[in-house]
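See structure below.
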């Protein structure tokens with residue numbers, strides 16, 4: 001009943017309710033713009049692979065009960081693992097990186113896992129970089145008596161006063177959901193906190209959202225507490241969740257001030273109210289309203305002090321860095337709202353950042369950006385992506401940039417993984433060996449295709465005629481026979497072909513290129529098949545050199561040897 005009431009009070013959407021129950025919905029994004037496999041036909045790029053996160057979850061959540069036997073279960077697991085790790089595309093190092101990244105994310109605290117899911121790091125190094133930046137942001141605002149970094153989030157409990165309730169932060173719905181549905185239970189009564197039973201219900205009439213927020217924060221349990229940890233983590237998710245990697249460095253200073261203000265106020269309020277909380281427990285006659293009044297007074301003084309510092313910083317921006325390093329008090333924030341209803345600079349416009357109001361009223365929250373929204377748009381073709389890294393990779397298609405160059409032959413590539421695969425041509429490295437015949441390959445994808453010769457596996461079947469193929473590219477080419485599609489058109493004469501290889505051969509008619517040369521007579525040809533036919537002419541000429549008389553003499557010689 002408490003869950004239903006909490007959802008009703010805060011207007012929690014069904015999607016947020018699913019996130020509360022641990023159900024993670026991952027959208028399949030078509031963001032890989034270039035095929036990682038070396039030597040595949042260009043037609044394979046027409047169907048980019050889905051998000052690996054979908055296949056990873058399928059692999060991890062696979063149950064034995066869904067199969068008819070152990071062999072089928074094992075084969076299904078192999079198939080799911082292959083779809084997730086993609087050994088035909090990824091190298092050994094990349095597969096190892098995926099496994100280490102998954103384990104690394106699993107050992108992180110729940111809040112950091114949720115935070116990192118917004119960025120979907122591709123490697124462990126990228127995840128560590130994000131966490132180190134977060135730790136630097138927090139450690140830069142060190143508070144006496146507390147620790148640095150994420151450990152700062154796990155200290156202390158703050159009391160919930162009526163004044164605090166009426167002057168609560170301007171949380172959006174995602175932050176409300178995090179407060180109510182946190183997987184960890186609130187701590188029990190301590191000398192640093194007041195029980196929920198000591199907090200009277202608000203009597204004032206105001207915005208219905210005010211009352212909904214207040215009722216959501218109060219629980220029936222007399223020992224329930226609102227922890228500074230949940231508040232801090234919500235602020236981190238709010239500040240960081242809607243910003244991409246490119247914007248993070250630009251907003252670091254303002255975030256440090258914003259987060260530092262919250263932590264500093266939480267520490268000072270906790271220390272200031274510690275003695276009064278102990279007095280409540282021991283039966284002191286001090287009323288809860290007096291404590292709330294003192295807290296409100298101290299809180300108002302801090303806000304006035306922050307407003308004066310902001311004005312000085314706006315007049316003298318050069319003094320900002322020095323003041324942040326020297327001032328022992330709570331840091332200031334440009335985006336903090338000094339007065340009721342006034343919005344910070346980042347709230348004007350696109351809604352990519354968030355500022356929090358410390359006023360007595362709840363202000364309207366700017367429009368939220370969904371977590372799966374494709375906010376990064378290509379100016380050339382208009383295609384959108386969820387991550388800036390995917391947009392950068394996509395732009396290589398338009399710019400033709402190939403920053404990775406081979407030191408041996410000078411050939412350039414747009415992706416580093418393709419360069420690694422190419423360099424094996426020069427080194428002769430063939431790390432992938434067949435267990436059946438011992439044949440080795442430089443690419444894992446070639447080994448997988450080779451193993452189908454031994455197994456006779458043809459997993460790709462045509463829906464029209466039922467013909468099966470061992471490679472998906474062969475099926476794609478075959479299906480064009482039924483559809484009549486000819487996507488490859490010659491720019492010279494306009495003739496179209498259903499295969500890229502046919503177009504390459506056709507272009508040699510216009511360029512007069514003849515790369516296949518006979519070693520006997522020096523004659524050149526445009527196709528290798530034509531050169532093979534030409535070799536038969538020389539073979540017949542050699543056979544005609546042996547006359548019947550010479551053959552009889554050679555036969556007599558063999559008989560004499562016997």
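Positions of Cβ are set from backbone N, Cα and C atoms, glycine also.
Feature annotation (Swiss-Prot): of 217-239, 516-538, the stretch labelled zinc finger is 516-538. The phosphoserine entry in Swiss-Prot, when matched to the candidates 13, 547, corresponds to 13. Distance noted between the C-alpha atoms of residue 374 (SUMO2 cross-link) and residue 477 (SUMO2 cross-link) is 32 Å. Cβ neighbours within 10 Å of residue 439 (SUMO2 cross-link), excluding its own Cβ and spanning all shown chains: 14.
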